[in-house]
Amino acid sequence: MSDTNTSIPNTSSAREAGNASQTPSISSSSNTSTTTNTESSSASLSSSPSTSELTSIRPIGIVVAAYDFNYPIKKDSSSQLLSVQQGETIYILNKNSSGWWDGLVIDDSNGKVNRGWFPQNFGRPLRDSHLRKHSHPMKKYSSSKSSRRSSLNSLGNSAYLHVPRNPSKSRRGSSTLSASLSNAHNAETSSGHNNTVSMNNSPFSAPNDASHITPQSSNFNSNASLSQDMTKSADGSSEMNTNAIMNNNETNLQTSGEKAGPPLVAEETIKILPLEEIEMIINGIRSNIASTWSPIPLITKTSDYKLVYYNKDLDIYCSELPLISNSIMESDDICDSEPKFPPNDHLVNLYTRDLRKNANIEDSSTRSKQSESEQNRSSLLMEKQDSKETDGNNNSINDDDNNNENNKNEFNEAGPSSLNSLSAPDLTQNIQSRVVAPSRSSILAKSDIFYHYSRDIKLWTELQDLTVYYTKTAHKMFLKENRLNFTKYFDLISDSIVFTQLGCRLMQHEIKAKSCSKEIKKIFKGLISSLSRISINSHLYFDSAFHRKKMDTMNDKDNDNQENNCSRTEGDDGKIEVDSVHDLVSVPLSGKRNVSTSTTDTLTPMRSSFSTVNENDMENFSVLGPRNSVNSVVTPRTSIQNSTLEDFSPSNKNFKSAKSIYEMVDVEFSKFLRHVQLLYFVLQSSVFSDDNTLPQLLPRFFKGSFSGGSWTNPFSTFITDEFGNATKNKAVTSNEVTASSSKNSSISRIPPKMADAIASASGYSANSETNSQIDLKASSAASGSVFTPFNRPSHNRTFSRARVSKRKKKYPLTVDTLNTMKKKSSQIFEKLNNATGEHLKIISKPKSRIRNLEINSSTYEQINQNVLLLEILENLDLSIFINLKNLIKTPSILLDLESEEFLVHAMSSVSSVLTEFFDIKQAFHDIVIRLIMTTQQTTLDDPYLFSSMRSNFPVGHHEPFKNISNTPLVKGPFHKKNEQLALSLFHVLVSQDVEFNNLEFLNNSDDFKDACEKYVEISNLACIIVDQLIEERENLLNYAARMMKNNLTAELLKGEQEKWFDIYSEDYSDDDSENDEAIIDDELGSEDYIERKAANIEKNLPWFLTSDYETSLVYDSRGKIRGGTKEALIEHLTSHELVDAAFNVTMLITFRSILTTREFFYALIYRYNLYPPEGLSYDDYNIWIEKKSNPIKCRVVNIMRTFLTQYWTRNYYEPGIPLILNFAKMVVSEKIPGAEDLLQKINEKLINENEKEPVDPKQQDSVSAVVQTTKRDNKSPIHMSSSSLPSSASSAFFRLKKLKLLDIDPYTYATQLTVLEHDLYLRITMFECLDRAWGTKYCNMGGSPNITKFIANANTLTNFVSHTIVKQADVKTRSKLTQYFVTVAQHCKELNNFSSMTAIVSALYSSPIYRLKKTWDLVSTESKDLLKNLNNLMDSKRNFVKYRELLRSVTDVACVPFFGVYLSDLTFTFVGNPDFLHNSTNIINFSKRTKIANIVEEIISFKRFHYKLKRLDDIQTVIEASLENVPHIEKQYQLSLQVEPRSGNTKGSTHASSASGTKTAKFLSEFTDDKNGNFLKLGKKKPPSRLFR
């Protein structure tokens, strides 16, 4: 029985047995299906030809070859093996328990048959469910030839395979299921009813040549013996019938006179396969027969009907047609023979199917998990069988010449005997899982993915060398009977084996793919068995009486056991021990203290003797390569040292038992070392490819990210909101992962190399997956495997008291958050201040339990109350800085070059503050922990009480590290000297350690006071740093707003929970009268409309006069329309009851966001041709015409005329619009008021539009319908008299010499800036404003060139002012220019030119100017105060609330507003509000359109009034020339550094330093000069941290 696993069934013996036996007998087991064949079946498989008699065979299963087996047929191969190609269909006749199956294949071209044995793992079942389905009992009924049935149903119930009795052994063509069934069908049709004899009427006679196998004739433990009988058909031919013995509930009763037919299925349960598996199955079957798919109705769980597609040949269903290559068109012999098509593809059962219960359409990951679980179960069963084998049956590896072949070729070469190295069910399930599940690979320990220690082991060869080194060293220590060092190195051996097993576990997919799992399991069993024996026997030996007696009587010859507490150790050759420094650190030192002796004995155990290891031992260990011989094992053992035992009598019983144990340990070491080398030989020769990198065994940080535990890093490359991810605000589903940090789409994605590693370990390709889809797929796909991403458990855990984790709240970076922090910091100061703190007063009391309890309770209460401070630091919303970083890395196409330069400059200044923030956050974590520990220590009399609980080994001692004997440092000439210096330094440090020497006893009270002081200071400093972050945020937003870069503002604020402009949110109440008063014109008559609407409701109008879509409108609390459907809005626009002027203006301005132009005109025409309701009397009809139809017609005409007159632009033109000319002619014929004007406008705007010149935007006023044109002639109160203007002489003087800026009067300069700005402002049109809000979402509005010019002029003015100052080398000139521009800005404010005023103020507060301390020192205090007031006016806090209040007071005068406010209003109103209300798709959010229309109207309203200022060409020329070729802010900053270099103690100017800035400098300087050292080095400006790059 020793070679039962290396044999196959002997078919020749089976034939002889079959010919000798004529007695029918049947024996079966409960779990094995037996088949019966006649003698002619064996004859059909012989090589001798005979007449072509048909033989009917019923297979017990059908599989498709997954790999080539025994192909091509070799001369020396066994004739009993079946030769198949990948994709061929194999009909199974018998399944042996050894894993070998008896099967046959049929040649499509000639119908010849080849039969033989093949391993079960080379076959892939067509479907797992169809064999069970076809084994159900059939209902008897007769059917005609047109009966629709499944071919597999016929096969599985009544049809047999009719094969010729003289098959050829020649090579066949490809075989498919459809071809074989077609042959069977044709054979059945030609032979009639008597061709098949039912199982019930068939006697059993001659045995099957390959199925009837007895234990005497085969080495297989077969569970079934078969007997067959011969039956003659009507034509005298011999026929063989084979059938499986069914279970009790699966019988097939059919007589020979009945035809086979399909079951009557009214509701068939099916299983739909995914598209990937369908394509995999079909592409794996090569055939020249076209595959046919039939649509089948399907009943879903919701009783809905839909179509699925059914393949009759393969008996599979799918939800959509697969895309596969056309093998017929791609065939090479297409010209030789015509393509074949299935002859019976119409015979398909078209009854409705139903999905299997609890089996929806499964994805590949689900089936992969199922197959893996089945595989694991089968592997456990095989392990149980293997455990019954004797230990003497050692494993061996046949080192063939072809060991580099792949898996399938190894089977072909080695034969069936090699199949038993892996269990057959395990291999079968492995193949199925590889077909369905995606391939996975472990995350390797690569330096470009992880941060490794310098001595981390990253290669399998390194781990092998370390294991062998520890093994030989432990063996040597045992031979020298050094118990301490033997225990140490034996523990290290165990650790290395654990890590080896963990590495194999992580590479289980690669090992299974190479079919080496069972062999590796056996090796690990041997390793663990040897370790167990060594551990037990070594303890028995060292604890034996013989060993103790020997140690007592041993002389001092053995130097290894005499070295105690020495500073250096020597080996047998006198060399210093290789790992002496490591041993000194890892082994605890003995310590004695003078005062506290209560824990002296338990503090640290005394150091015992050290054994020496020759450093050359490691060099003698050769790395085992793939070609190294396994038997070349080198061990440090030569023989048992007889001198060790010669002094003891051999007759001593203790001597004999000890020697026996000694020898057993010695032998087990040799076995263990042999198993180690055997394991790595198998791994390197079969599993590893070119790279032998280890999987990542130890916890190490990913490169490019650091975030975990209580530390949150929002700049991490893969932070998630609820889960720590970064996406664009998408919901998390079961098939995709979102990765959004606080709904922030701007956070960086996972690094590519890290994403590739995670995706590969999860079985997905990172190239085809987006980074936001990796995490969930990874965790979903790997939930059933060993590797689970992010260390999540691979099984479901249930905790009875588990709390549902709530999403942490993000604290906005605002003043409110800062005030909360300051409040908590003040509480900390009151309680723990060193001078007046309540808690510190307790510490001065005498030591007692009451005093200690009060200290602990007060401290815990204080920490519990102030934990909010730590939570704010961890969850502070830094989205604006994250967006800033991402905009620098991936600039948006919407940003210009100037904005990109500003972002880089801003990041360089912000990064230092952010670095200080993270430093203070870490310091706060540390001080909280220290405060808790010092509070607890106040209750201890001995502060070293718990030191005995400290581990004897440092952190990471058990982790595998490279042995330093292999490093160049050890092998260098200075190693000995460095080793001695290191040992000396180590002992010096130990001698100075207070814990061991008690130089100074720790005072718990003083330590607690110091911790409280640091706690107070750090909490205060945290508030200062957050205040600086808020200031930096405001500076960013101020710049973006003042430079009118609304796109930059939107990008910076993306993802913030606290919206900067709250009033633009839909949640902002429409009832806010303060907001609406500024944007609603009273002339539009909203109040009159509400009153008239209420009056109409009270009148009880007849039903046919009411509005049809009134119920589809949504009103707010003030009666204004908030939303409605398109029909309701058009009806209200042309209402017959009253005119809503405000609504009409909004509708005509924003209609393009609701309807297309053609839809708008057609909706009005449809409204004009309104039909009367049914059932009206003659009088009611006349009333309807008079009071509803005619008013509506008039409203339609007026709306069209107004629209074409005031709100039309060429960009609204669409094909088909000129057709409304016919409508206008009809209106004229009906004599509707205003019809002729409408006809004229249509001819002008629509018909002759292309022939007319474009209208000058400067002369166009988009709100002329509401505003009287006479207002334009009104004189502005702000004007300049002729006396105030420069005289003609002055003008001549300016022309005679070159003008200098300081020569121009500031007021004159301000007036000319106002003239220039106002001229540009008048060119802005309504449609350009809409273009800024909508872009091209609804239509191409033609761009906004005039707005672009206006913004560019203002920004250039800003750069000009700052550049003019910074380019001056003389500090006095810079100060004069600064005061000059402050005066110009003030005059601009007086002229209501807020645009130029803001540009100048922004320039003076820019970083190149703001940092010029020497310049600002020379500026007068009056100018500084004036500039400060102007800056406060344009403060962006609360959405420019101060500026808005001032602008609201500017009425009926000329004005140039600051356009950045309007751009922000348009942008955030459009983005911050939905297009539809109530999450619907038809109720349009009209309030959003109203807000946009009000903003546009306010912009246009400032064009009504004009300045009465004279344009001075000379000064205009100077201004225009100065605004050309001005450098950007980055260049100006370089000039600023040249004129005033950066000083070490200067952080900014003093004229505008806030109180918080002063406090910051004060605290930073204090902490820099901390008495105990540099506690926090926050005073100096740090370079930009890599964290933000």
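Placement of Cβ uses the backbone N, Cα and C atoms for every residue, glycine included.
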Candidate annotated in Swiss-Prot as phosphoserine, out of Ser28, Ser168, Ser190, Ser596: Ser596
Of the residue ranges 660-681, 1144-1165, 1452-1473, the one that Swiss-Prot records as transmembrane segment: 1452-1473
Candidate set Ser202, Ser649, Ser1344, annotation phosphoserine, source Swiss-Prot, matching residue: Ser649
Per Swiss-Prot, the candidate from Ser154, Ser800, Ser1005, Ser1287 carrying the annotation phosphoserine: Ser154
Feature phosphoserine, as given in Swiss-Prot - residue among Ser517, Ser632, Ser857, Ser1282: Ser632
Contact set, same chain, for the transmembrane segment (1452-1473): CB under 8 Å, 6 or more residues outside the stretch: 1041-1044, 1046-1047, 1049-1050, 1059-1061, 1064-1066, 1274, 1276-1278, 1314, 1317-1318, 1321, 1329, 1332-1334, 1347, 1350-1351, 1354, 1392-1398, 1434, 1439-1440, 1443-1444, 1485, 1487-1488, 1491-1492, 1495-1496, 1498-1499, 1502, 1505-1507
